[in-house]
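Data first, discussion second: the structure below is written as structure tokens.
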């Protein structure tokens, strides 16, 4: 494996997130007269219009059907929209509803059910959503138990859900099946063909689980799956779209950055940042070279044959719009902006991104004309705006609000756009609309949100393993936009030499803080919500009726000693001196 040389230190710098998202001087949101505060409040109203109608008409089902004002189970039977929307509630400042929903989920969600569930979707939406909410609980004013963040009811729920997925990884290659029965494991007749993203999108959630619970099995299976994909790349450095997890033979050999592959690349970068892992970043940088060499044409990315590099599909897929945001995370902002502007021209043409767009013809692809309110272009705009303050990025946010409200809003929520050409609607509101689309829009228009913390403000909490720094910023979003606090991964492990290093650094910090204008805020015992603009209890009684569920007993999770191999990497963000 060829390493990236000196560039690696830049990419794996502990301050990477803050460096990549630093704000240039002399920029102004008023450059084009956009009323940011007004659009922020419109996004808030969008969220509550969708959320309240989910509670009224669809709970406890997974998703709202906005045209018929009822609900349906889709990816399991988890009240999925409630889990997906939970951390968005806190980002909007609604601590009281966050607290209520935490109780609802504890009482009403059961994973011991005879349901065939997507391993990928259950991980990113359920495990990721529960982990994020667990780590944000104290900030939201939830009364956390002794030992938090190394224990807690939401963490136990996340662990239970993840354990239901582990049978899928029991293959000769370590690459998981795409579907698992939550009660019985992998069905005997289950297809062994899984998409690349369905194999390589676990390291963020599973490594977080391992670090918090002390059980290495989650991170181990996620790493094994990542490395299996890496091992089976083509001679020209590309991976295909679908692979047989038993034989490791590629079934679909189209290589690109979009559907079926996308979050594999995303998790190599985010896993590298979260875990300060040089190997993961090196893998991505090698892939990035091949992607540029074979798939990039005039700042578009096409689909090519993975072994030959010849173009197989000259199309842009809406799921590819995450790529500029990912480029910004490795500091490649100029290329990111050029690609973003290409994608933005498609949005302007249709008022949304069609699932497939034929680049040479400049139009939609047959039967792929829909827009299910996906977040990816907005996500990239949020990242790039933090890096550049270019008002063009706010204009995309403005256009997204206007388009979604005009085309998609109905009496009971927001409906998937079935065809962008004539604005026909479909009877579905995916949970990612509240988890991702609305969240990224709100964060684009809310520069002072706690998520954007630059490390100058943080909490020190006491754990069974000593003091722990949290809420310092640098949050890593999983691919469902659930933010993970990277500092939390260092709270549940202890060795004497590590403890001494932390204490020495803290003493040095305290002695310098008077001259460096840091804000040190020791968290109260049970936490306090920040940004508590609480616009109302968001129909706190509407989900009063909950499905009956089995209550399983759990012992408190322990955090045994583990090796300390990322020496104060995340804490480095806290001690950043911007002077």
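Note that Cβ sites are derived from N, Cα and C of the backbone, with glycine treated the same way.
Annotated active site, proton donor per TrEMBL: 121 (among others), in sequence order. Under 8 Å, Cβ to Cβ, and six or more positions away along its own chain, residue 121 (active site, proton donor) finds 75, 76.
Taken from TrEMBL, the feature active site covers 262 (among others). Sequence-distant neighbours of residue 262 (active site) (same chain, six or more apart, CB under 8 Å from its CB) are 197, 319, 320, 322, 479, listed in sequence order.
Annotation for residue 355 (active site, proton donor): same-chain Cβ neighbours under 8 Å, separated by at least 6 residues, are 317, 318, 319, 365, 368, 369, 370, 371, 372. Residues or ranges marked as active site, proton donor in TrEMBL: 355 (among others).
TrEMBL lists 376 (among others) with the feature active site. Using a 10 Å Cβ-Cβ cutoff, residue 376 (active site) registers 24 neighbours.
Under the heading Ca(2+) binding site, TrEMBL lists 479.
Annotation source TrEMBL lists region 'Disordered' at 520-560.
Sequence annotations record features per position, and here TrEMBL assigns signal peptide to 1-30.
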